[in-house]
């Protein structure tokens, strides 16, 4: 038996420890007055609580609530909330040191033991003492509740252990009576809990006397009627009790100093005790013999705690605490083909993966009476001989060779005479031989099936363990490396550096191997050439290879994957450690610590996607992207890092990241789209630079316009020869009063008159005169000279007009100002054109982004118009580029025609002759009229299964039948206007000539794409874009508290969604989201309107309670975050106004969790503080936030989990059963409880 240390801390003396029942946390109460909260898996200090004055001796977590309790030498019992990180309240009443504190497993009670010779039971909800247990006449060192019965055990320095019966206290509490003992002296005068009527709540059931000195600890057995005690007499005593008496069973002797605590092992027949003799001892419960002693040289042990669910223990000593377990919990297992062999309950069991059958095969040896046998560490299976090697740590390392039965009948067979030998490791190296490591002699013994040694090999290095390898090869694990060794040739074939290896996992084809260490995974080839190494901060537990060559491994709380190229990631989280044995598609088979076989569901999409990219299997990459929801920042960073920005564009959601990725991969369309969404000068500058580099003139122009880079625009127009826009730039410069831009523009245009005018207006008369004189503007030059008051004779040094040449702008070779330049060559990637997310200008969502989710998050996009400078001609460019495939199509058709000969589809001349003859005969017989075809309306009706298209075709009866079947509509009155609008909007009236009948022209929604009659569909009146606009209007009305208007808008939206037809499953899911949002807002606003009505009525207790209830129900509607905050503020104020402090505190806490504005958050925190002092409701309100419920849409009353409910088949609003058969109050069209197939808005089911 070993103490397997899982965590150790260094601190002041630890006087108390406590495990959290679910999270990997342990509390330590210190002698210096501090309380530490540790994560023992990660080995990190999470928090520190310091309000006690003096040592803290008792500590305990609540089994279900976010609370823990502490008691210390300041006589105080404090209750803490570890989520808010503060002390909630303090229980005062003890008159001396508080030794231990514990929560009751079911009741809202705390028990505390104190040096004031009393034990107190507190109700932590009412924050009052409900019982004082007196009778001890010395310091009470410990008091604990029984896990299941109404009993309390206490230990005292008066050398006694007392068992108390608290059933009367439970009955009194259940009856509603709450003892009130605020005065400790009066409580003590009442004796052993006798009240004024001499009825006792707590009585002493047994007094156990046997210790010769003070008793430090006493505790119950979790399932048996046993009591364990220990004390300063250095003894651990076991007591048995029944209903009438209790007696001493036995005494465990061996400690040579005070024994401070002891406990029963929760899962094994062991007793653990710790002492000031610096040891923790393990005893056999049945034989009371000492099994093991764990010793520390410097530290005395003060406390010992067991985890309520896991095989973990915590012990506090002079310099900190240690978290440990006493034996390995990994089940020994081996895989062969489709079966799993593993050890459980001293049996080798066989599990079939395909049928999930599990049965025992043989029994293995068990521990002799009074001795301890460690569980098997590993198992190695020989399928050829049906033999199994089981290795354990017993006797310093030993193995057992078992022969499995040839005929398996599902019953465990006797193992017979197993062959046993010494050795720390035993593995099969061939059909009839196995290798055993003699660690002491550093030898490898090769043995046959009769367990006889046939060969002895001296190890080439100091070996710690051996593992199986391919063929006759084995792996020798040293302290710093792993060596590949051939036992036949006795040669070293390879070596790799690695930390001490604990487990080795080979792939199915033995081509790669995973070496598992404590915190690292090393992947290597079968020659031990390292492929990659992955480091983890927490322990690695197991691993298994996927068929595709990906390693899946488990840590304490995650299942992860590792690619041979070094990439890794998280697949899923797990609550408790598991040991992986096999992966099949999305099923991960594993063993838990109890030896049970589990199947975890996993999503292998991410690692298969990355593996396909590594192997350049681009077709599989495209398939995965199309058929999965692969999103997340990690996959985006991975794609960008590995040179696939064009694929990352289809996952990224953030506009800034999409902009950078688009520039990186040269996708200027998406770069332009995201720049419009961001609309910041820095991004427009960056876009303009990249577009200029790539030759996208129009995008450069747009970018310069958005940032008002007038000089750059003028230069761009100059070099592209766009003189028309240069003239416009001059006008803009005049309006801006910018003479510098005007002068520059006049130079670009070669306009001398304008240049002279600008210089003259700017006061540069000398330059103006020089320009005018040089270019022959005599009259203008004279006017300037006269204005300057200079005589012509005084002007010297003028250039000769004969040598002057007018500066003119360069004439472009091509004046196609709307075309881009010859662009920088961009290699077409394998993924270009592989994905289709719809027209950029349509209402469809961007890849990876839901528009309904955007609206629900109140993330409204900016206006893309951008003012008068929004000159965007990129649609024309895209349209021009999209039409260049006709030649390819023609080639394809030609190839198809040429290839028909191989299929035996040759032209048949005889058939043509017969057809020609029939045609001639018909012509001779006379005129044959053609058969009438189908009208456009009939085609619409045939081509679509949607009700909205049937309405457009005029087939009202079929549309109504479809809606009855799909959403259970029983009243079409509210839909009549929509029916008529859809029918009218699907056709147009065209008058051909005066006095002639007007022609009715059907309008198609796919007129440009439909080429076959089977594709004709009517125009849409209702679409997803208009629905989302109406949703925004409803949001705005709700924010402005215009509830009547908002109710009308959301009801209209609810009815219009029936007629929305979409083309993709993504749009169909958004229609469902809109339906759910509309329903929640209709119900929520209806509740608020009823609350406003009740508020105007007389202020009775019933009306006040109803006001609080309605405000509370409103907060449970699924609203947008800002509206939920408003609802919580309303509910908080309403509850506080009517003195429902408990409810108000809950609303305030929920409001704080939503992170509101600072001033609102501050007010909510003050509300929490006030309400915590008065945690009660003055009104009897029907509201419990901890009991899940939905609100009945008719009565606005809660329907709690487990209660009967009926739903509207269209909007899914919930109702109580008495409303079944009536008309839905939310959508006003469907029958409550009617059976329906569900609304269909997607025409195609592909």
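Cβ from N, Cα, C; glycine included.
Curation does not apply to TrEMBL; its annotations are automatic.
Marked as repeat 'WD' by TrEMBL: 7-48 (among others). Residues in the repeat 'WD' (7-48) partition by DSSP class (helix H, G, I; strand E, B; coil) as 0 helix, 26 strand, 16 coil.
Among the features that TrEMBL reports, repeat 'WD' is placed at 49-90 (among others). Summarised as a single figure, the pLDDT of the repeat 'WD' (49-90) averages 93.
Here TrEMBL flags 91-132 (among others) as repeat 'WD'.
TrEMBL lists 133-167 (among others) with the feature repeat 'WD'.
Long-range contacts of the repeat 'WD' (208-249) within the same chain, counting only residues at least 6 positions beyond its ends with a Cβ under 8 Å from a Cβ of the stretch, are 138-139, 141-142, 144, 146-147, 151, 153-163, 255-264, 266, 271, 273, 275, 283, 285, 288. Taken from TrEMBL, the feature repeat 'WD' covers 208-249 (among others).
Residues or ranges marked as repeat 'WD' by TrEMBL: 252-293 (among others).
If you look up TrEMBL, you'll see 346-592 marked as domain 'COPA/B second beta-propeller'.
Residues annotated as domain 'COPA/B TPR' in TrEMBL: 633-776.
Taken from TrEMBL, the feature domain 'Coatomer alpha subunit C-terminal' applies to 828-1242.
TrEMBL lists 864-908 with the feature region 'Disordered'.
Taken from TrEMBL, the feature compositional bias 'Acidic residues' applies to 889-908.
Sorting each residue of the repeat 'WD' (133-167) by its DSSP state yields 1 helix, 20 strand, 14 coil. Listed as Cβ neighbours of the repeat 'WD' (133-167) (distance under 8 Å, sequence separation of 6 or more from its ends, same chain) are residues 96-97, 99-100, 102, 104-105, 109, 111-115, 117-121, 188, 191-193, 201-209, 211-220, 222, 227, 229, 231-232, 239, 241, 246, 261. Same-chain residues lying 6 or more positions outside the repeat 'WD' (252-293) and placing a CB less than 8 Å from one of its CB atoms are 1, 3, 142, 216-217, 219, 221-222, 226, 228-232, 234-238, 299-308, 311, 313, 315, 326, 369-372. Secondary structure of the repeat 'WD' (208-249), assigned with DSSP and counted as helix (H, G, I), strand (E, B) and coil, comes to 0 helix, 25 strand, 17 coil.
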